[in-house]
Amino acid sequence: MESNKDEAERCISIALKAIQSNQPDRALRFLEKAQRLYPTPRVRALIESLNQKPQTAGDQPPPTDTTHATHRKAGGTDAPSANGEAGGESTKGYTAEQVAAVKRVKQCKDYYEILGVSRGASDEDLKKAYRRLALKFHPDKNHAPGATEAFKAIGTAYAVLSNPEKRKQYDQFGDDKSQAARHGHGHGDFHRGFEADISPEDLFNMFFGGGFPSSNVHVYSNGRMRYTYQQRQDRRDNQGDGGLGVFVQLMPILILILVSALSQLMVSSPPYSLSPRPSVGHIHRRVTDHLGVVYYVGDTFSEEYTGSSLKTVERNVEDDYIANLRNNCWKEKQQKEGLLYRARYFGDTDMYHRAQKMGTPSCSRLSEVQASLHG
């Protein structure tokens, strides 16, 4: 089965190059062979995509650079598109299918429709939809007028719907700003009321091997892990209410701030950190007895924690360390898988080999720790 998988990967690579060379028949032939050798949803989706094209095999010869629908002027100058884009996008060739795809995104009424998923879509469904569409509309791949804005809209849709809080607000209140924009300017306004906490390019890089941005990160506070979203408060259109109305709107926020402040006062911070933190006095290096995890403590730690209390602290240190490893392992796997997927899609052999050589040190260390725990 493993040999079939390798052969299937080879067929996929050939098929992707054929797609780039505008040879759909050849691409379809190798994709079908790959699906017979090692069936995968990705290959099936590519086959369906090729089969859905209006031109069927044998109707006309494969397009070349001279017959490809580039939508250029004969004199070599580029006509600006309906949304004002000229030069950058329209100097390169694009197909009628790409133009139609951009038009479809422009006409979508909500984020679910942009991604092509139902309102009950799971996180995995959202990831699959974004992964497929982001590659299809990325400015490096799609040069049709409006493709860049469509790419941004897809990124914003995923960023909002993948954030539980933003998705809840979006489902509850809809997108009033975008509706107003559509009534005023017609379809095709990508600037919607809900904003993403991450740029479309950063999101794309996070999925396909360009690293993880700092705007949406895992934060370790006092040795404990939590996930933070940088949430922006939506501006209200209806301003000018009386002072009482403003107070009523601000009251939930004031209560939340008060409760948070009281919580911070009532909860004591852990007596250790996983890295040096001079600001809280955690500068003295120690190592746990069981797993040998390095942690840092304050001046009076040795006096305050001995015997069973010390064992409890070190158990917490190791739990935090393992949680940290799991998180970093997940990110390393996502980065590697994203780069492999991108390399296969674009038929980039160098990128594929580079992705294969990428290490996952956190995953390796996690395996060692788990072996020690169960050994």
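Here the Cβ of each residue, glycine as well, is placed from N, Cα and C on the backbone.
Sequence annotations record features per position, and here Swiss-Prot assigns topological domain 'Cytoplasmic' to 1-243. Annotation source Swiss-Prot lists N-acetylmethionine at Met1, citing a large-scale study or a structure entry. Per Swiss-Prot, region 'Disordered' is recorded for 45-92. If you look up Swiss-Prot, you'll see 49-58 marked as compositional bias 'Polar residues'. What Swiss-Prot lists as domain 'J' is 112-176. What Swiss-Prot lists as pros-methylhistidine is His185, and the listing cites a curator's inference. The transmembrane segment annotation in Swiss-Prot covers 244-264. Taken from Swiss-Prot, the feature topological domain 'Lumenal' covers 265-375, and the record attributes it to a curator's inference.
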What is the three-state DSSP composition of the topological domain 'Lumenal' (265-375), stated as helix, strand and coil residue counts?
72 helix, 12 strand, 27 coil
DSSP residue counts for the domain 'J' (112-176), split into helix, strand and coil:
45 helix, 0 strand, 20 coil
Integer mean pLDDT for the topological domain 'Cytoplasmic' (1-243):
67
